[in-house]
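Chemist: Per Swiss-Prot, the feature topological domain 'Extracellular' maps to 1-447. The feature disulfide bond is assigned by Swiss-Prot to Cys3-Cys30, Cys60-Cys121, Cys60-Cys116, Cys74-Cys105, Cys92-Cys116, Cys92-Cys121, Cys186-Cys290, Cys307-Cys338, with similarity to another entry given as support. Among the features that Swiss-Prot reports, region 'Fusion peptide' is placed at 98-111, with the record citing similarity to another entry. What Swiss-Prot lists as N-linked glycosylation site is Asn154, and the listing cites sequence analysis. The transmembrane segment annotation in Swiss-Prot covers 448-468, 480-496 and is backed by sequence analysis. Here Swiss-Prot flags 469-479 as topological domain 'Cytoplasmic', drawing on sequence analysis.
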Amino acid sequence: SRCTHLENRDFVTGTQGTTRVTLVLELGGCVTITAEGKPSVDVWLDAIYQESPAKTREYCLHAKLSETKVAARCPTMGPAALAEERQIGTVCKRDQSDRGWGNHCGLFGKGSIVACVKAACEAKKKATGYVYDANKIVYTVKVEPHTGDYVAANETHKGRKTATFTVSSEKTILTLGEYGDVSLLCRVASGVDLAQTIILELDKTAEHLPTAWQVHRDWFNDLALPWKHEGNPHWNNVERLVEFGAPHAVKMDVYNLGDQTGVLLKALAGVPVAHIEGNKYHLKSGHVTCEVGLEKLKMKGLTYTMCDKSKFAWKRTPTDSGHDTVVMEVTFSGSKPCRIPVRAVAHGSPDVNVAMLITPNPTIENDGGGFIEMQLPPGDNIIYVGELSHQWFQTGSSIGRVFQTTRKGIERLTVIGEHAWDFGSAGGFFSSIGKAVHTVLGGAFNSIFGGVGFLPKLLMGVALAWLGLNTRNPTMSMSFLLTGGLVLAMTLGVGA
């Protein structure tokens, strides 16, 4: 699965009868949804971008100077003048120079002098700013079912589907082939202040240099460089790249301050680099909160017969995935398609299956299958696939796993924020409380009661509530009632 290859992975486990789960997706992360009686699904935020954003200012990094002219007057002869002074795109400077008999003046003193130079911008020496429009930013969400096929990190799963969202998008339904349909309703949120963000892009001149950065609007507008708006042929403040020398009689030198690319690159050190792909300008941060509908998902292969246990061989022996799960792959030499008999037992309990399958109902197909992912309790375990067996020690502790999943649940609820609550009606408010409980405690509940059936969990919740009602000690009564209520809420809830 896609999530197996990513470091930032989260699990959301639906309770009995789950039809909807709420996910928080961020760039670089991936969420695996597991629910009883449903295929597992990976969901991730693949990209945030805008196509062809609007240009704001263009800056010139290297001036192109031509047609230098100088005019001078003797003392008392009035100001020197050039017609170029009134022309757009020309830089001029007035000054006073020493005049006398040696440079063709009858009087000694200060005479007027003016120098002008035509200024443009060198080719491929511009820095352009682009602004985002929040209404046009596209959020790409991808969905991939766990099919039992091993897919390398650099390969694309044939069952992968894509949904795109903007601020005005409605619910999207994706068809996952034999696994049914999944619906997505996502609320989008950028991770940056778009009103204060500019993408600064340089003309491409060197392959080893980055070409775009994500900068603050005020910093961009304060750049001391010649600038213009798109479509305007003339540059403003072009004198910032031109220097005039000291006047000498009838001569005034004009200097080009040179290429400012190096100065700009030095100023951009440490600034986030922006990614541009064709006409797509990508944002580096942001998230979407998605409500995923699972009601039309269906398990594949439930009617298959069980595979012959003696005809399996390891293709990839069990390996730690890095996400507190174990992954493996087997080959099968018997009749296909069929269901893979897989289980795991803990040390000292040979009759209890402790494996929680992330790949539900693993199968061998005519053209693939055999990849299995499972979660095991900490400690010594034995994994069985048919007649194959493998000793496995799962690191960590049950308590640590509970705290970790609870922490992630709190993070998810924090990111969802105000959208997690509905104060419009009493029913909506209590539904919001239930959803919040599932979001925060769903992972911990599954870690503790993952191998317990629906009826035992229901009876346990009722028993704890009954004890709470019949206990005289107020503290113990409240503790039993609270614990029993949580167990019943997590067991009977239909949302996560």
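Every residue gets a Cβ built from N, Cα and C, even glycine.
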Chemist: Can you give me the Cα-Cα distance between Cys105 (disulfide bond) and Cys116 (disulfide bond) in Å, rounded to a whole number?
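Modeler: Cα-Cα distance, Cys105 (disulfide bond) to Cys116 (disulfide bond): 23 Å.
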Chemist: Looking only at Cβ atoms, how many others are within 10 Å of the one on Cys186 (disulfide bond)?
Modeler: 24
Chemist: How many Å lie between the Cα of Cys186 (disulfide bond) and the Cα of Cys3 (disulfide bond)?
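Modeler: Spelling it out, the Cα of Cys186 (disulfide bond) and the Cα of Cys3 (disulfide bond) are 20 Å apart.
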Chemist: State the Cα to Cα distance, in Å, between Cys307 (disulfide bond) and Cys3 (disulfide bond), rounded to an integer.
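Modeler: One finds 27 Å between the Cα atoms of these residues.
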Chemist: List the residues of the same chain that sit at least 6 positions away from Cys60 (disulfide bond) in sequence and have their Cβ under 8 Å from its Cβ, in sequence order, or write 'none'.
Modeler: Cys121, Glu122, Lys125, Lys126, Leu225, Pro226, Trp227, Lys228, Trp235, Val238, Leu241
Chemist: Looking at the disulfide-bonded residues Cys30, Cys121, which sits with the largest number of other Cβ atoms within 10 Å of its Cβ?
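Modeler: Top count of Cβ atoms within 10 Å goes to Cys30.
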Chemist: State the residues, same chain only, that lie 6 or more residues beyond the ends of the topological domain 'Cytoplasmic' (469-479) and have a CB under 8 A from a CB inside it; answer 'none' if no residue qualifies.
Modeler: none
Chemist: Taking Cα atoms as reference points, rank the disulfide-bonded residues Cys3, Cys74, Cys92, Cys290, Cys338 by distance from Asn154 (N-linked glycosylation site) and give the first.
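Modeler: Smallest Cα separation from Asn154 (N-linked glycosylation site) among Cys3, Cys74, Cys92, Cys290, Cys338: Cys3.
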Chemist: Where among the disulfide-bonded residues Cys3, Cys74, Cys307 do you find the Cβ with the fewest other Cβ atoms within 10 Å?
Modeler: Cys74
Chemist: Going by a 10 angstroms cut-off between Cβ atoms, which of the disulfide-bonded residues Cys92, Cys105, Cys116, Cys290 has the sparsest surroundings?
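Modeler: Output over disulfide-bonded residues Cys92, Cys105, Cys116, Cys290: least Cβ neighbours within 10 Å is Cys92.
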